[in-house]
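Trainee: Below are the structure tokens for one structure; questions will follow.
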């Protein structure tokens, strides 16, 4: 009897449900099937939330994942390989890779030797210090770096920046010994800064310098460097120590009648034309990549022979004269680790280290993407830092990745960082045996080599692209550019950093909002400014918020939505359309909202109630 009663009750419930369903339209019943409620995430303990946030911020790549479920011995080996990647890829190294590395190493060595001598002069240092900086740092990087293509050594921008900042503290002509010591101290702190950023996994800090600002800074630095080379290019003896374009041009034209040397101008112009033609040949035919790579060394050899045979140095052509023979002397005792120059060396080192790091990481990522492999940015920072710390103790100044040499290294078919070792060996042999041969090398040829090298830093295509995509980015680009050429390198860098931070703050505090309209013959709603064919729904205002809602922008978002509402109401009155009755806030792009954001939305809700507008 009880079973029959239960069956009759079930039948009654089923008939009631059927009756209720029959009252609901078919389309509404179908819609209810597909309505999904937002699930409340499970509560986590405070410790786990903090741990998860810290891990995602500082360890997004999960660097310790390879250590999981490994024996202690295996963990130790993996740890050593993490510090010295050469022990990992070295196990699969073979003769084929070695052949490619030798060819590329010899090629970049022929390019780096004349460049290093010129870049040392940019830093107001003797030529041998440029060669020193292409011997020790590349060896350290080959052991610890993760990039296969980057070529290490002095670069033009960092050399100019370092020389400018050092010259402001100590006159290189009046006190060369302390100037050199301060250069080593700055290099030491540049390395400490780079290694610290890598160890603490703060590499994301260099991303705050936008691409547009870097393009402008590099372009301005290239022009400044080229203008500085007019001293050697024109044979001017008395030249301004300032780097701004006005002071340089005044110095150039002020010495035009009696300061220019025509023999020097002929040598510089001839070989600059040769170097530019070699670059043109290399770009036109990729197989001739070695032509622009070896052209600087050929220029040095030919110009040196020309000066030696004609004795043009007696006619006023300035020459390199003496380059110290032998490998790097130790310079640990030369570091300023106390006294008034300690803080100055620290400040200069931090600035130079950050600029060098930005350039190196950008170069490493570029070539890694071209060859489809990954580099660890934090490991790169540690490797750069260690090599500069060791370099500062072995008579080197700040070294980093060189784009021109890295490009040649890539084109020459390098396989691993062994190409840097090959380059270092060639530089070592040059320091040990060949430096006396550079005695009659004219300064004009070094100026021509530097001018031809820095031309590539001016990226007009990138500037045009920045102008088309983002006008604010273009302002950042031009701000950094004009800051460098009209003031100084450090002012240009400061402008680049300030504009980059200003853009971040502007995007955070003033996020984009948009009015959405319906695209004809679809159920899709899009920004009416981007899709002119999209039409507004009569009586309904749809606003999209394209950012997370935080305390810094919550009030702005509330006020902006109300302004949209006022504008739409005024427009509907003018066109005699239906009054706005509904406000829909599309919040799909909103990834996060804090208590200030919730409070702002509550205030918005109150304002809408007073206006008798329904919200959704």
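Here the Cβ of each residue, glycine as well, is placed from N, Cα and C on the backbone.
Sharing the feature lines straight out of TrEMBL:
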{"type": "COMPBIAS", "residues": "1-21", "note": "compositional bias 'Basic and acidic residues'"}
{"type": "DOMAIN", "residues": "530-616", "note": "domain 'STAS'"}
{"type": "REGION", "residues": "1-28", "note": "region 'Disordered'"}
{"type": "TRANSMEM", "residues": "150-167", "note": "transmembrane segment"}
{"type": "TRANSMEM", "residues": "179-200", "note": "transmembrane segment"}
{"type": "TRANSMEM", "residues": "212-230", "note": "transmembrane segment"}
{"type": "TRANSMEM", "residues": "260-277", "note": "transmembrane segment"}
{"type": "TRANSMEM", "residues": "289-309", "note": "transmembrane segment"}
{"type": "TRANSMEM", "residues": "346-368", "note": "transmembrane segment"}
{"type": "TRANSMEM", "residues": "380-400", "note": "transmembrane segment"}
{"type": "TRANSMEM", "residues": "420-438", "note": "transmembrane segment"}
{"type": "TRANSMEM", "residues": "445-467", "note": "transmembrane segment"}
{"type": "TRANSMEM", "residues": "479-502", "note": "transmembrane segment"}
Trainee: Which residues of the chain, 6 or more past the ends of the transmembrane segment (479-502), have a CB below 8 A from one of its CBs?
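Mentor: For the transmembrane segment (479-502), the sequence-distant neighbours (Cβ-Cβ under 8 Å, at least 6 residues beyond its ends) are 157, 160-161, 164-165, 208-210, 213-214, 216-217, 219-221, 223-224, 242-246, 351, 355.
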Trainee: For the transmembrane segment (420-438), could you work out the same-chain residues 6 or more beyond its ends whose Cβ comes under 8 Å from its Cβ atoms?
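Mentor: Contacts with the transmembrane segment (420-438): 101-102, 104-106, 108-109, 112-113, 116-117, 127-128, 131-132, 134-136, 138-139, 141-142, 151-153, 300, 304, 320, 323-328.
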Trainee: Any residues 6+ beyond the ends of the transmembrane segment (260-277) with a Cβ under 8 Å from its own?
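Mentor: Same-chain contacts beyond the flanks: 232-236, 292, 295-296, 299, 302-303, 306-307, 312, 315-318, 442-445, 447-449, 451-452, 455.
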Trainee: Residue counts in helix (H, G, I), strand (E, B) and coil for the domain 'STAS' (530-616), per DSSP?
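Mentor: Counting residues by DSSP class gives 38 helix, 16 strand, 33 coil.
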Trainee: Using a threshold of three or more Cβ pairs below 8 Å, and leaving out pairs closer than 6 in sequence, do the transmembrane segment (150-167) and the transmembrane segment (212-230) count as in contact?
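Mentor: These two segments touch.
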Trainee: Please figure out which one of 150-167, 289-309, 346-368, 380-400, 445-467 racks up the most CB pairs under 8 Å against the transmembrane segment (179-200).
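Mentor: The stretch with the most contacts is 380-400.
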Trainee: Which range out of 150-167, 289-309, 445-467 gives the transmembrane segment (380-400) the most CB pairs under 8 Å?
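Mentor: Between the stretches 150-167, 289-309, 445-467, 150-167 has the largest tally.
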